[in-house]
Amino acid sequence: MTYRGRFAPSPTGPLHYGSLVSALASWLDARAHRGAWLVRVEDIDGPRTVPGAAEDILATLERFGMLADEKPVWQSQRIARYEQVLEQLKSTGLVYPCGCTRKEIADSLLHAHARNTTLAYPGTCRAGLNGKPARAWRLRVPDGDAAVISFEDRWQGKQTQDLATEVGDFVLKRADGQWAYQLAVVVDDADAGITHIVRGADLMDSTARQIYLQRCLGVRTPQYLHVPVVTNDHGEKLSKQNGATALDSDKPLEALSAAARHLGLDLAGEAHTTLDRFYAAATSAWAKRMGINF
Ligand code: GLU
(Lines of atoms letter the chains of each structure in order from A and count residues from 1; the text may use other names and numbers.)
(Lines give C-alpha, C1' and ligand atoms only; values in the text may rest on other atoms or scores of the structure.)
Protein backbone atom coordinates (compact mmCIF):
# COMPACT_ATOMS: atom_id res chain seq x y z
CA MET A 1 0.00 0.00 0.00
CA THR A 2 1.21 3.49 -0.80
CA TYR A 3 0.11 5.82 1.92
CA ARG A 4 -1.80 8.90 0.76
CA GLY A 5 -3.06 11.35 3.36
CA ARG A 6 -4.55 14.82 3.20
CA PHE A 7 -5.46 18.01 5.01
CA ALA A 8 -8.77 19.51 3.90
CA PRO A 9 -9.29 23.02 5.27
CA SER A 10 -12.49 25.00 4.73
CA PRO A 11 -11.51 28.55 3.78
CA THR A 12 -13.78 30.31 6.25
CA GLY A 13 -10.89 32.40 7.64
CA PRO A 14 -7.14 32.19 8.20
CA LEU A 15 -5.45 29.06 9.59
CA HIS A 16 -5.83 29.08 13.39
CA TYR A 17 -4.37 26.99 16.16
CA GLY A 18 -7.18 24.38 16.05
CA SER A 19 -6.77 23.73 12.32
CA LEU A 20 -2.97 23.74 12.70
CA VAL A 21 -3.32 20.73 15.02
CA SER A 22 -5.19 18.80 12.30
CA ALA A 23 -2.74 19.89 9.62
CA LEU A 24 0.25 18.87 11.74
CA ALA A 25 -1.21 15.49 12.74
CA SER A 26 -2.01 14.59 9.12
CA TRP A 27 1.43 15.80 7.97
CA LEU A 28 3.27 13.80 10.65
CA ASP A 29 1.26 10.64 9.94
CA ALA A 30 2.09 10.89 6.23
CA ARG A 31 5.78 11.46 6.92
CA ALA A 32 5.97 8.69 9.51
CA HIS A 33 4.53 6.32 6.86
CA ARG A 34 6.86 7.77 4.20
CA GLY A 35 3.71 8.58 2.24
CA ALA A 36 2.27 11.50 0.31
CA TRP A 37 0.51 14.45 1.96
CA LEU A 38 -2.06 16.34 -0.09
CA VAL A 39 -4.07 19.49 0.51
CA ARG A 40 -7.67 20.00 -0.58
CA VAL A 41 -9.43 23.34 -0.32
CA GLU A 42 -13.05 22.70 0.70
CA ASP A 43 -14.51 25.85 -0.81
CA ILE A 44 -17.96 24.72 -1.94
CA ASP A 45 -19.94 26.07 0.97
CA GLY A 46 -20.61 29.37 -0.77
CA PRO A 47 -22.10 31.28 2.15
CA ARG A 48 -19.24 30.31 4.52
CA THR A 49 -16.28 30.74 2.16
CA VAL A 50 -14.28 33.93 2.73
CA PRO A 51 -12.54 35.35 -0.36
CA GLY A 52 -8.75 35.15 -0.05
CA ALA A 53 -8.83 32.78 2.95
CA ALA A 54 -7.77 29.74 0.92
CA GLU A 55 -4.67 31.48 -0.48
CA ASP A 56 -3.89 32.70 3.01
CA ILE A 57 -4.13 29.17 4.49
CA LEU A 58 -1.92 27.72 1.74
CA ALA A 59 0.69 30.45 2.27
CA THR A 60 0.68 29.88 6.05
CA LEU A 61 1.12 26.12 5.64
CA GLU A 62 4.08 26.80 3.39
CA ARG A 63 5.65 29.25 5.83
CA PHE A 64 5.19 26.68 8.57
CA GLY A 65 7.10 24.18 6.44
CA MET A 66 4.20 21.92 5.43
CA LEU A 67 4.37 21.57 1.67
CA ALA A 68 1.86 19.47 -0.22
CA ASP A 69 3.33 16.73 -2.40
CA GLU A 70 0.86 17.45 -5.19
CA LYS A 71 -0.94 20.52 -6.47
CA PRO A 72 -3.84 21.39 -4.11
CA VAL A 73 -7.31 20.38 -5.27
CA TRP A 74 -10.15 22.93 -5.07
CA GLN A 75 -13.62 21.52 -4.53
CA SER A 76 -15.18 24.41 -6.44
CA GLN A 77 -13.57 22.98 -9.58
CA ARG A 78 -15.07 19.54 -9.11
CA ILE A 79 -18.79 20.34 -9.29
CA ALA A 80 -19.29 18.40 -12.54
CA ARG A 81 -17.86 15.32 -10.86
CA TYR A 82 -20.29 15.59 -7.90
CA GLU A 83 -23.15 15.94 -10.37
CA GLN A 84 -21.97 12.78 -12.14
CA VAL A 85 -21.87 10.80 -8.88
CA LEU A 86 -25.35 11.99 -7.90
CA GLU A 87 -26.64 10.85 -11.32
CA GLN A 88 -25.00 7.46 -10.72
CA LEU A 89 -26.78 7.17 -7.36
CA LYS A 90 -30.08 8.26 -8.92
CA SER A 91 -29.83 5.52 -11.50
CA THR A 92 -29.50 2.90 -8.78
CA GLY A 93 -32.41 4.32 -6.78
CA LEU A 94 -30.27 4.97 -3.72
CA VAL A 95 -31.16 8.65 -3.54
CA TYR A 96 -34.51 10.41 -3.60
CA PRO A 97 -35.65 14.04 -3.81
CA CYS A 98 -36.89 15.57 -0.58
CA GLY A 99 -39.39 18.43 -0.41
CA CYS A 100 -39.33 18.95 3.37
CA THR A 101 -38.55 22.39 4.74
CA ARG A 102 -36.53 22.71 7.94
CA LYS A 103 -39.73 23.62 9.76
CA GLU A 104 -41.57 20.53 8.53
CA ILE A 105 -38.71 18.30 9.63
CA ALA A 106 -38.55 20.00 13.03
CA ASP A 107 -42.31 19.55 13.45
CA SER A 108 -42.28 15.86 12.60
CA LEU A 109 -39.29 15.34 14.87
CA LEU A 110 -41.25 16.98 17.65
CA HIS A 111 -43.98 14.37 17.15
CA ALA A 112 -41.39 11.62 16.90
CA HIS A 113 -39.89 12.85 20.15
CA ALA A 114 -43.26 12.76 21.81
CA ARG A 115 -43.51 9.12 20.73
CA ASN A 116 -40.11 8.55 22.26
CA THR A 117 -38.41 7.64 19.00
CA THR A 118 -35.21 9.21 17.74
CA LEU A 119 -34.17 12.44 16.11
CA ALA A 120 -33.19 11.03 12.74
CA TYR A 121 -34.79 12.39 9.55
CA PRO A 122 -38.18 10.62 9.66
CA GLY A 123 -38.12 9.63 5.98
CA THR A 124 -41.17 11.72 5.05
CA CYS A 125 -40.30 11.89 1.32
CA ARG A 126 -39.04 8.32 0.95
CA ALA A 127 -42.18 7.20 -0.80
CA GLY A 128 -42.63 10.35 -2.91
CA LEU A 129 -42.91 14.10 -2.77
CA ASN A 130 -46.69 14.22 -2.38
CA GLY A 131 -46.93 17.16 -4.72
CA LYS A 132 -44.23 19.20 -2.98
CA PRO A 133 -41.37 20.62 -5.10
CA ALA A 134 -38.02 18.80 -4.77
CA ARG A 135 -35.58 20.75 -2.57
CA ALA A 136 -32.74 18.45 -1.57
CA TRP A 137 -31.45 14.98 -2.46
CA ARG A 138 -31.14 12.37 0.27
CA LEU A 139 -29.33 9.04 0.43
CA ARG A 140 -31.53 6.21 1.63
CA VAL A 141 -30.05 4.39 4.62
CA PRO A 142 -31.02 0.79 5.32
CA ASP A 143 -33.11 -0.34 8.27
CA GLY A 144 -32.07 -2.83 10.93
CA ASP A 145 -28.59 -4.28 11.36
CA ALA A 146 -27.44 -3.09 7.93
CA ALA A 147 -27.63 0.49 9.22
CA VAL A 148 -25.11 -0.11 12.00
CA ILE A 149 -21.66 1.05 10.91
CA SER A 150 -18.58 0.26 13.00
CA PHE A 151 -14.98 1.23 12.44
CA GLU A 152 -11.74 1.24 14.37
CA ASP A 153 -10.43 4.75 14.92
CA ARG A 154 -6.63 4.73 15.25
CA TRP A 155 -6.74 7.24 18.10
CA GLN A 156 -10.16 6.79 19.73
CA GLY A 157 -10.73 3.04 19.29
CA LYS A 158 -13.90 1.29 18.15
CA GLN A 159 -16.77 3.53 17.05
CA THR A 160 -20.32 2.50 16.18
CA GLN A 161 -23.23 4.48 14.83
CA ASP A 162 -26.72 3.33 13.85
CA LEU A 163 -27.50 5.38 10.76
CA ALA A 164 -31.19 4.48 10.80
CA THR A 165 -31.89 5.68 14.34
CA GLU A 166 -29.17 8.32 14.84
CA VAL A 167 -29.01 9.99 11.42
CA GLY A 168 -31.69 8.89 8.97
CA ASP A 169 -31.57 9.36 5.20
CA PHE A 170 -28.99 12.14 4.82
CA VAL A 171 -28.62 15.03 2.43
CA LEU A 172 -26.14 14.85 -0.48
CA LYS A 173 -27.32 17.97 -2.29
CA ARG A 174 -28.80 20.74 -0.24
CA ALA A 175 -31.99 22.72 -0.80
CA ASP A 176 -29.89 25.83 -1.54
CA GLY A 177 -28.24 23.93 -4.41
CA GLN A 178 -24.92 23.46 -2.58
CA TRP A 179 -23.21 20.08 -2.45
CA ALA A 180 -23.19 18.51 0.99
CA TYR A 181 -19.84 18.03 2.68
CA GLN A 182 -20.56 14.26 3.02
CA LEU A 183 -20.77 13.72 -0.73
CA ALA A 184 -17.87 15.96 -1.72
CA VAL A 185 -15.48 14.56 0.87
CA VAL A 186 -16.16 10.92 -0.07
CA VAL A 187 -15.86 11.52 -3.81
CA ASP A 188 -12.70 13.61 -3.44
CA ASP A 189 -10.96 11.22 -1.07
CA ALA A 190 -11.77 8.28 -3.33
CA ASP A 191 -10.66 10.04 -6.52
CA ALA A 192 -7.40 11.13 -4.87
CA GLY A 193 -6.72 7.57 -3.67
CA ILE A 194 -6.58 8.67 -0.02
CA THR A 195 -5.69 5.71 2.21
CA HIS A 196 -5.56 7.46 5.60
CA ILE A 197 -7.69 10.28 6.96
CA VAL A 198 -6.37 12.22 9.94
CA ARG A 199 -8.62 15.07 11.16
CA GLY A 200 -10.31 16.61 14.19
CA ALA A 201 -12.65 14.59 16.40
CA ASP A 202 -15.48 17.03 15.63
CA LEU A 203 -15.83 15.10 12.35
CA MET A 204 -16.11 11.70 14.06
CA ASP A 205 -19.89 11.92 13.88
CA SER A 206 -19.77 12.18 10.06
CA THR A 207 -17.53 9.16 9.55
CA ALA A 208 -20.21 6.43 9.60
CA ARG A 209 -22.16 8.34 6.94
CA GLN A 210 -19.03 8.60 4.82
CA ILE A 211 -18.27 4.88 5.18
CA TYR A 212 -21.84 4.03 4.18
CA LEU A 213 -21.60 6.27 1.10
CA GLN A 214 -18.25 4.67 0.18
CA ARG A 215 -19.98 1.28 0.24
CA CYS A 216 -22.83 2.57 -1.95
CA LEU A 217 -20.27 3.84 -4.47
CA GLY A 218 -18.09 0.73 -4.25
CA VAL A 219 -14.94 2.63 -3.25
CA ARG A 220 -12.39 1.73 -0.61
CA THR A 221 -12.80 2.87 2.99
CA PRO A 222 -9.65 4.61 4.25
CA GLN A 223 -8.32 4.23 7.77
CA TYR A 224 -9.44 6.95 10.17
CA LEU A 225 -7.72 8.80 12.98
CA HIS A 226 -9.51 11.61 14.81
CA VAL A 227 -7.34 13.82 17.01
CA PRO A 228 -8.81 15.58 20.06
CA VAL A 229 -10.06 19.04 19.15
CA VAL A 230 -8.66 22.19 20.68
CA THR A 231 -11.24 23.95 22.84
CA ASN A 232 -11.51 27.52 24.09
CA ASP A 233 -11.95 28.58 27.73
CA HIS A 234 -15.64 27.70 27.55
CA GLY A 235 -14.89 24.17 26.38
CA GLU A 236 -16.15 24.89 22.84
CA LYS A 237 -14.26 23.73 19.76
CA LEU A 238 -11.90 26.50 18.70
CA SER A 239 -13.13 27.85 15.39
CA LYS A 240 -13.00 30.93 13.27
CA GLN A 241 -16.63 31.52 14.28
CA ASN A 242 -15.90 31.75 18.00
CA GLY A 243 -12.95 34.03 17.77
CA ALA A 244 -9.87 31.85 17.19
CA THR A 245 -7.11 34.22 16.14
CA ALA A 246 -4.94 33.78 13.06
CA LEU A 247 -1.51 32.25 13.65
CA ASP A 248 1.52 34.50 13.78
CA SER A 249 3.43 33.45 10.66
CA ASP A 250 6.58 35.05 11.99
CA LYS A 251 6.73 32.57 14.85
CA PRO A 252 5.87 29.17 13.36
CA LEU A 253 7.88 27.22 15.93
CA GLU A 254 5.89 28.55 18.87
CA ALA A 255 2.57 27.48 17.40
CA LEU A 256 3.95 24.16 16.11
CA SER A 257 5.44 23.27 19.52
CA ALA A 258 2.10 23.99 21.18
CA ALA A 259 0.30 21.86 18.55
CA ALA A 260 2.76 19.00 19.13
CA ARG A 261 2.12 19.20 22.89
CA HIS A 262 -1.62 19.06 22.23
CA LEU A 263 -0.99 15.82 20.30
CA GLY A 264 0.86 14.41 23.30
CA LEU A 265 4.29 14.60 21.66
CA ASP A 266 7.12 15.23 24.09
CA LEU A 267 9.96 16.92 22.22
CA ALA A 268 13.41 17.68 23.58
CA GLY A 269 14.61 21.31 23.84
CA GLU A 270 16.63 21.29 20.64
CA ALA A 271 13.51 20.35 18.60
CA HIS A 272 12.29 23.86 19.20
CA THR A 273 15.23 25.63 17.54
CA THR A 274 14.61 25.15 13.78
CA LEU A 275 11.72 23.90 11.63
CA ASP A 276 13.85 21.01 10.30
CA ARG A 277 14.72 19.82 13.80
CA PHE A 278 11.13 20.25 14.91
CA TYR A 279 9.73 18.11 12.08
CA ALA A 280 12.39 15.41 12.45
CA ALA A 281 11.77 15.08 16.20
CA ALA A 282 7.99 15.38 15.90
CA THR A 283 7.82 12.73 13.13
CA SER A 284 9.69 10.14 15.19
CA ALA A 285 7.72 10.99 18.32
CA TRP A 286 4.47 10.57 16.34
CA ALA A 287 5.65 7.26 14.86
CA LYS A 288 6.48 5.99 18.34
CA ARG A 289 3.18 7.14 19.82
CA MET A 290 1.12 5.61 17.01
CA GLY A 291 3.16 2.41 16.76
CA ILE A 292 4.36 3.09 13.21
CA ASN A 293 7.54 1.39 12.07
CA PHE A 294 9.58 4.43 11.04
N1 GLU B 1 -13.18 20.86 5.63
C2 GLU B 1 -13.43 20.23 6.89
C3 GLU B 1 -13.16 21.18 8.02
O4 GLU B 1 -12.38 22.10 7.85
C5 GLU B 1 -12.56 19.00 7.10
C6 GLU B 1 -12.99 17.87 6.26
C7 GLU B 1 -12.27 16.56 6.51
O8 GLU B 1 -11.11 16.56 6.97
O9 GLU B 1 -12.85 15.54 6.20
O10 GLU B 1 -13.73 21.01 9.09
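The backbone N, Cα and C atoms fix where each Cβ goes, glycine too.
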Which range of 9-19, 97-107, 108-118 is motif ''HIGH' region', per TrEMBL: 9-19
Listed co-binder of L-glutamate (same site as R6, F7, A8, P9, S10, E42, R199, source TrEMBL) among Y181, Y212: Y181
Annotated stretch (motif ''KMSKS' region', per TrEMBL) among the listed ranges 157-161, 232-236, 237-241: 237-241
Among C98, C100, the most crowded of the binding-site residues [Cβ within 10 Å]: C98
Listed binding-site residues adjacent to ligand 1, that is, members of R6, F7, C98, C100, Y121, K240 whose C-beta is under 6 A away: none
Contact set, same chain, for the motif ''KMSKS' region' (237-241): CB under 8 Å, 6 or more residues outside the stretch: 12-14, 16-18, 200, 202, 229-231
